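*Asks:* I'd like to ask some things about the structure below.
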């Protein structure tokens, strides 16, 4: 069972800290992480906190193959004391430069971590963007179960949305397992899940996007799902592409709602609108 430091090391609500405190869950997370690795491991742990995952990873993959990104000075000091040669970047995870880390490591990164709920989507999109240049190969991360369900949701269901379209285009996605609140301190009010993302990489992603710009795709997906009760045609009017909408969009698609379009159809809509 992971040992939680006491006293001044109380979790900070402002940082969204919920420390893992169950050894079985930690072991399951690390096993799932190991199964996603097919080549040389260059692991980056996001927000190690009290070091529950870190302690296991140091023993299983070794300090030279692991580095951590942590904003909390208390955690940096604790981990530096426990693991003197471990590379720890004292940094807000939202400021992480994955392409540069990948260059420094001479290969793509494998991400692991217990993500703060309030910035989960921002972290995920940053990882997706980094996969364009093959800076990030995979991510094995905990998040709210509800967010994980959105990532893997099929079309025509209420959970299907921006996260579903983007990540199903960029990666092979799976929910490894559900995690109850009781394995964290303090206990969150909702269930969590361990999500596995194995990014396609630049070549396969370019093929899947069929020459479409990722930023244009994101604009189309975001515009439509921000008004998900409207038809695709009406949802896209804010992009000031009325002429293209009238000329290019198949009639049966334009009258559909966004949750009815597959990720591949969103690529085609973007290609028709932007060329």
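Cβ atoms here come from the backbone N, Cα and C positions, even for glycine.
Feature list, courtesy of TrEMBL:
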type    : residues                : note
BINDING : 18, 20, 47, 70, 92, 114 : S-adenosyl-L-methionine binding site
DOMAIN  : 25-201                  : domain 'Ribosomal RNA adenine methylase transferase N-terminal'
*Asks:* For 18, 114, listed as binding-site residues, tell me which one has the smallest number of other Cβ atoms within 10 Å.
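*Replies:* Relative to the other binding-site residues in 18, 114, 18 has the fewest Cβ atoms within 10 Å.
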*Asks:* Within 10 Å of its Cβ, which one of these binding-site residues (70, 92) has the largest number of other Cβ atoms?
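*Replies:* That would be 70, with the most Cβ atoms nearby.
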*Asks:* When you measure from the Cβ of residue 47 (S-adenosyl-L-methionine binding site), how many other Cβ atoms are you left with inside 10 Å?
*Replies:* 22
*Asks:* Would you count the other CB atoms within 10 A of the CB of residue 20 (S-adenosyl-L-methionine binding site), including those on all shown protein chains?
*Replies:* 23
*Asks:* Return the maximum Cα to Cα distance in Å (whole number) over the record's S-adenosyl-L-methionine-binding residues: 18, 20, 47, 70, 92, 114.
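*Replies:* Overall maximum Cα spacing for these binding residues reaches 20 Å.
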